Amino acid sequence: MEVKLDFSSEDFSNYSYNYSGDIYYGDVAPCVVNFLISESALAFIYVLMFLCNAIGNSLVLRTFLKYRAQAQSFDYLMMGFCLNSLFLAGYLLMRLLRMFEIFMNTELCKLEAFFLNLSIYWSPFILVFISVLRCLLIFCATRLWVKKTLIGQVFLCCSFVLACFGALPHVMVTSYYEPSSCIEEDGVLTEQLRTKLNTFHTWYSFAGPLFITVICYSMSCYKLFKTKLSKRAEVVTIITMTTLLFIVFCIPYYIMESIDTLLRVGVIEETCAKRSAIVYGIQCTYMLLVLYYCMLPLMFAMFGSLFRQRMAAWCKTICHC
């Protein structure tokens with residue numbers, strides 16, 4: 001590329017810059033990346049997800065609170081999924097308020113960032129503790145302490161604390177900018193900040209939990225096939241469904257985020273075409289991730305005995321009517 005600048009000594013007299021000539025940059029121009037979905041379509045999707053989230057999770061949470069005396073350890077972790085998805089509903093509501101420029105400031109931006117990142121970090125850790133609990137129930141089936149509901153309560157609290165720790169860095173660097181932007185920024189170091197946050201997010205909420213979950217489920221499957229448990233087929237089905245749902249809905253987003261990190265640190269050469277493809281990929285896979293967290297309690301509540309029994313009773317009542 002050849003850049004032609006027509007300067008003369010008069011342009012720099014008294015340390016001033018008075019250039020008015022033409023600059024030819026050839027085919028060089030800033031990358032313009034448009035959003036894949038329009039603002040109106042995005043608002044409609046957010047409203048739809050908010051309604052599905054609020055109605056579905058309210059049903060599951062109501063069932064848990066009404067029949068809490070019959071709850072088991074897994075049911076407490078199912079309730080954690082409900083609370084997590086309700087935090088996501090709070091984020092969707094605040095995102096809609098920001099799109100219409102209603103009641104936004106830095107404090108509300110930080111609250112929005114907390115709701116979003118808490119919901120993203122909390123679900124993987126709940127899945128980790130579900131796999132740990134499943135492993136304990138298989139390996140320590142004869143121990144009474146494993147079957148106590150206190151285990152589920154402790155695991156739920158631990159997962160919440162770990163999720164808050166993951167969300168905190170995002171909240172600290174989020175600021176509000178007119179007219180309606182909540183941005184993670186650190187002045188001239190914003191690019192390095194986002195690279196670090198992406199790396200932390202990938203390892204803390206994806207690679208680490210996935211590694212622990214795979215180990216626990218592998219040990220559980222090995223133990224199941226070595227013994228003759230009466231519910232072996234049911235447990236294997238639950239483990240398979242849990243893994244498949246995570247692979248289909250979550251892994252694509254983390255793959256795109258990892259590619260974006262590699263692009264930012266220079267491992268992959270950046271071009272406008274690559275940048276556009278990554279942005280579009282992140283937008284699509286992010287929608288899948290949000291949909292997964294919205295529907296997660298309904299899908300996983302079917303594995304919990306409390307909700308499954310109540311649903312069966314309601315269906316029988318409806319059929320008799």
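Each residue, glycine too, has its Cβ placed from N, Cα and C.
Taken from Swiss-Prot, the feature topological domain 'Extracellular' applies to 1-34 (among others).
Annotated N-linked glycosylation site per Swiss-Prot: Asn14 (among others), in sequence order.
According to Swiss-Prot, the N-linked glycosylation site annotation covers Asn18 (among others), on the basis of sequence analysis.
Per Swiss-Prot, transmembrane segment is recorded for 35-51 (among others). Residues 89, 92-93, 95-96, 99, 279-280, 283-284, 287, 290-291, 294 of the same chain sit 6 or more residues outside the transmembrane segment (35-51) yet have a Cβ under 8 Å from a Cβ within it.
Sorting the topological domain 'Cytoplasmic' (52-76) by DSSP state (H, G, I as helix; E, B as strand; all else coil) yields 22 helix, 0 strand, 3 coil. Annotation comment: Swiss-Prot describes 52-76 (among others) as topological domain 'Cytoplasmic', evidence class sequence analysis.
The transmembrane segment feature in Swiss-Prot is assigned to 77-93 (among others); the stated evidence is sequence analysis.
What Swiss-Prot lists as topological domain 'Extracellular' is 94-124 (among others). Looking at the topological domain 'Extracellular' (94-124) alone, the prediction's average pLDDT is 83.
Sequence annotations record features per position, and here Swiss-Prot assigns N-linked glycosylation site to Asn117 (among others). Under the DSSP three-state reduction, Asn117 (N-linked glycosylation site) is assigned to helix. Long-range C-beta contacts of Asn117 (N-linked glycosylation site), restricted to its own chain and to partners at least six residues apart, with a cutoff below 8 Å, comprise Gly166, Ala167, His170, Val171.
Residues or ranges marked as transmembrane segment in Swiss-Prot (evidence: sequence analysis): 125-141 (among others).
Annotation comment: Swiss-Prot describes 142-149 (among others) as topological domain 'Cytoplasmic'. Outside the topological domain 'Cytoplasmic' (142-149) by six or more residues, the chain places 71-73, 76, 136 with a CB less than 8 A from a CB of the stretch.
Per Swiss-Prot, transmembrane segment is recorded for 150-166 (among others), and the stated evidence type is sequence analysis.
The topological domain 'Extracellular' annotation in Swiss-Prot covers 167-196 (among others), and the record cites sequence analysis as its basis. Residues 98-99, 101, 104-106, 108-110, 112-114, 116-118, 120-121, 261, 264-265 of the same chain, all 6+ positions outside the topological domain 'Extracellular' (167-196), place their C-beta atoms under 8 angstroms from a C-beta of that stretch.
The transmembrane segment annotation in Swiss-Prot covers 197-215 (among others) and rests on sequence analysis. Within its own chain, the transmembrane segment (197-215) has Cβ neighbours under 8 Å at 120-121, 124-125, 127-128, 131-132, 166, 169-170, 173, 184, 246, 250, 254, 257-258, 260-261, 264, counting only residues six or more beyond its boundaries.
The feature topological domain 'Cytoplasmic' is assigned by Swiss-Prot to 216-234 (among others), with sequence analysis given as support.
Residues or ranges marked as transmembrane segment by Swiss-Prot: 235-251 (among others).
Marked as topological domain 'Extracellular' by Swiss-Prot: 252-286 (among others).
Here the topological domain 'Extracellular' (94-124) has long-range neighbours at 39, 42-43, 46-47, 50, 80-81, 84-85, 87-88, 159-160, 162-164, 166-167, 170-171, 174-176, 179-180, 182, 184, 201, 204-206, 209-210, 289, 293, 296, meaning same-chain residues at least 6 beyond its ends whose C-beta is under 8 angstroms from one of its own.
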